[in-house]
Amino acid sequence: MAKPRASAAAAAAAAAKAPAAAPPKTVHSALVTYASMLSLLSLCPPFVILLWYTMVHADGSVVRTYEHLREHGVLEGLKAIWPMPTMAAWKIIFGFGLFEAALQLLLPGKRFEGPVSPSGNVPVYKANGLQAYAVTLITYLSLWWFGIFNPAIVYDHLGEIYSALVFGSFVFCIFLYIKGHLAPSSSDSGSSGNVIIDFYWGMELYPRIGKHFDIKVFTNCRFGMMSWAVLAVTYCIKQYEMNGRVADSMLVNTALMLIYVTKFFWWESGYWCTMDIAHDRAGFYICWGCLVWVPSIYTSPGMYLVNHPVNLGPQLALSILLAGILCIYINYDCDRQRQEFRRTNGKCSIWGKAPSKFLPYFYVIFLTILLFDRAKRDDDRCSSKYGKYWKMYCNKVPCRVIPGIY
């Protein structure tokens with residue numbers, strides 16, 4: 001991390017002396033903010049376990065899971081299905097985490113500077129995500145092919161792994177909270193004065209261990225997104241070992257997930273300029289979400305298909321595959337256009353025409369609940385930053401997400 005036109009030593013000294021950055025303003029009212037934070041803190045962890053139980057042990061039936069909880073009571077029913085973390089689960093998690101951390105630090109990559117932070121710092125990254133992604137998949141498949149490690153074991157211990165991630169990531173977020181108070185990595189940190197808000201939204205914008213290991217890059221990209229791809233492959237291998245073949249539905253599901261994650265790592269440096277990295281601090285919302293929510297929720301279709309193969313037939317399978325690839329391309333092109341607009345300060349050509357201002361920041365709809373909240377926060381941020389120009393844009397584009405509705 002360095003400040004513009006200043007040496008690394010000078011920047012470090014300035015960061016140490018500078019007052020803590022003001023915490024981000026909340027978008028909603030205090031009541032709504034606290035209610036949403038406490039709800040997510042208390043409901044997300046059990047939901048991860050309930051989703052795993054439903055997909056793996058209840059044949060994907062929400063009704064069966066509901067009947068189990070009604071019969072035994074919510075607390076006792078949840079306690080009965082919640083697997084305890086095992087040594088095997090911890091070994092898998094730490095083995096994977098250490099491997100990805102080593103790749104993040106050791107693989108070569110181009111130097112990339114992120115956007116200037118609110119306190120005037122410029123985060124510096126090593127762009128080696130695509131190399132890490134390729135090494136990870138090649139290594140994982142090679143371990144299976146040569147009989148060194150069977151990925152089916154990961155599926156067999158999946159409940160224990162998710163349970164360990166739920167608890168372990170809570171501890172990790174506590175570490176981030178303490179670090180933000182005692183040893184912030186830059187002047188882009190500060191406390192709101194409220195423990196819950198600081199824990200949930202985070203204390204630091206760019207927390208690092210040492211000079212080179214960026215924590216948010218690890219949690220969001222190298223653990224969260226990488227585990228998405230690894231688990232997609234795991235489910236595919238598990239179904240093959242169980243049935244001697246892989247259903248076309250699983251192949252399409254796995255292919256689309258790998259294409260999407262490949263797109264992500266191809267564009268990883270662009271992601272470092274987005275809200276997740278450049279504006280959201282490292283707390284429960286981002287870090288726990290990427291460490292636990294991404295590998296469990298985003299991979300759930302494959303988790304279900306392992307024991308419930310669906311035969312789509314060539315025509316339907318190909319149609320779904322092509323439609324999925326088209327959607328991924330649209331997602332990529334929206335991000336590409338935004339990055340090109342920023343890079344050239346609007347002096348570029350989009351689809352053969354000069355782009356109009358001001359360019360919207362929110363993403364193509366792909367995770368509706370997350371997007372609605374993000375769109376609201378983004379709108380308020382842009383309104384504060386661009387003033388009358390943002391109002392001019394809003395007059396031309398009155399709806400945030402769904403035309404005529406919201």
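The backbone N, Cα and C atoms fix where each Cβ goes, glycine too.
Keep in mind that TrEMBL annotations are predicted by a computer and have not been checked by a curator.
Here the transmembrane segment (31-54) has long-range neighbours at 60-62, 64-65, 78, 81-83, 158-159, 162-163, 165-166, 170, 196-197, 200, 284-285, 288-289, 292-293, 296-297, 300, 303, meaning same-chain residues at least 6 beyond its ends whose C-beta is under 8 angstroms from one of its own. The transmembrane segment feature in TrEMBL is assigned to 31-54 (among others).
The transmembrane segment annotation in TrEMBL covers 130-149 (among others).
Summarising the annotation, TrEMBL assigns transmembrane segment to 161-178 (among others).
Residues or ranges marked as transmembrane segment in TrEMBL: 249-267 (among others).
Per TrEMBL, transmembrane segment is recorded for 282-300 (among others).
The feature transmembrane segment is assigned by TrEMBL to 312-332 (among others).
Under the heading transmembrane segment, TrEMBL lists 358-375 (among others).
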Relative to the transmembrane segment (282-300), the stretch among 130-149, 161-178, 249-267, 312-332 with the most Cβ pairs under 8 Å is 161-178
Spatial neighbours of the transmembrane segment (249-267) not adjacent in sequence (6+ beyond its ends, CB under 8 Å) are 129-130, 132-133, 221, 225-226, 228-229, 232-233, 235-236, 239, 298-299, 301-302, 305-306, 309-312, 317, 320-321, 324-325, 328, 331-332, 335-336
